[in-house]
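Written below as structure tokens is the structure these notes are about.
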Amino acid sequence: MSYAKEIDTLNQHIADFNKKINVSFEFFPPKNEKMETLLWDSIHRLKVLKPKFVSVTYGANSGERDRTHGIVKAIKQETGLEAAPHLTGIDATPEELKQIARDYWDSGIRRIVALRGDEPKGYAKKPFYASDLVELLRSVADFDISVAAYPEVHPEAKSAQADLINLKRKIDAGANHVITQFFFDIENYLRFRDRCASIGIDTEIVPGILPVTNFKQLQKMASFTNVKIPAWLVKAYDGLDNDPTTRNLVAASVAMDMVKILSREGVNDFHFYTLNRSELTYAICHMLGVRP
């Protein structure tokens, strides 16, 4: 009898998730024709979910910048979605950055994700931080600016407190939104959110959600992003190296559970790192009630 009651409670618990959430999606510029087809298939598949915006990542060199610019403009023109380019302060002068920002504004782009960017080896120029970039963008036009946060601390930060102060500096410079690095330890995120509030950051801390379809790739990414991979996640993917179908099912389950838990903790907005693949993200959103 008690078992039946537990099952009934579990079923009700699953059915009770009817909170409306907002989603946004990240894509990256394709490097060949096949990847470009995949990108546009993904964009068109996910646009029907009416995301708040979609972002497009960015490399420091001019070729990458041009690709990002072209894709963002095309998304805006062809789909009507709010498209946000990533912009970094690496390998461009302040005047060049101002011109890039003006070009975006003139193209109808109103949202930008402002980042410092990764400094290449031997980089000797004076640092141009994300807070500097936010301030520069504010001087050009009234952009809607998102910045990055690191619940498990940026790998180059001297301390967790120094990293938090740096985030506050970006907010004080004029950033409107905060998007986190992907993570899997929800307690860490919640503690980080509390610490943000304690120093006066009242902007919503939007969690970055990465559905993990390639665990080995995740391990490589985690090694240089300072993201901790919990033991339960290692166990979940154990033995699945040659089983992509099951990996996708695990990825969907983990992502859905994370969103449900975070939603009950008051989180309303979620940013999905799609890796230019729509099927899994679409399925996750569908199960969370985000539908056309």
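Using the three backbone atoms N, Cα and C, a Cβ is placed for every residue, glycine included.
Taken from Swiss-Prot, the feature active site, proton donor/acceptor covers GLU26. The annotation NADH binding site is assigned in Swiss-Prot to THR57, GLN181. What Swiss-Prot lists as FAD binding site is TYR58, ALA60, HIS86, ARG116, GLY117, ASP118, ALA130, TYR150, HIS154, ALA157, ASP163, ASN166, ARG169, LYS170. The (6S)-5-methyl-5,6,7,8-tetrahydrofolate binding site annotation in Swiss-Prot covers ASP118, GLN181, GLN217, ARG277, and the record cites similarity to another entry as its basis.
Rounded to a whole number, the distance between the Cα atoms of THR57 (NADH binding site) and GLY117 (FAD binding site) is 11 Å. Long-range Cβ contacts of ARG169 (FAD binding site) within its own chain (separation 6+, distance under 8 Å): TYR129, SER131. When the binding-site residues THR57, TYR58, HIS86, HIS154 are ranked by how far their Cα is from the Cα of the residue listed as 'active site, proton donor/acceptor', THR57 comes first. When the binding-site residues HIS86, ALA130, HIS154, ASP163, GLN217, ARG277 are screened for a Cα within 10 A of the Cα of THR57 (NADH binding site), the ones that qualify are HIS86. Looking only at Cα atoms, ALA130 (FAD binding site) sits nearest to GLN181 among the binding-site residues GLN181, GLN217, ARG277. Ranked by CA distance from ASP163 (FAD binding site), the binding-site residues GLN181, GLN217, ARG277 have GLN181 at the top as the closest. Between the C-alpha atoms of HIS154 (FAD binding site) and GLN181 (NADH binding site), the distance comes to 9 Å. Cα of HIS86 (FAD binding site) to Cα of GLN181 (NADH binding site): a distance of 14 Å. Rounded to a whole value, the Cα-Cα separation of GLN181 (NADH binding site) and TYR58 (FAD binding site) is 16 Å. In the three-state DSSP reading, ALA130 (FAD binding site) counts as helix. For TYR58 (FAD binding site) paired with ARG277 ((6S)-5-methyl-5,6,7,8-tetrahydrofolate binding site), the C-alpha to C-alpha distance reads 18 Å.
Ranked by how many other Cβ atoms sit within 10 Å of their Cβ, the binding-site residues THR57, GLN181, GLN217 place GLN217 at the bottom.
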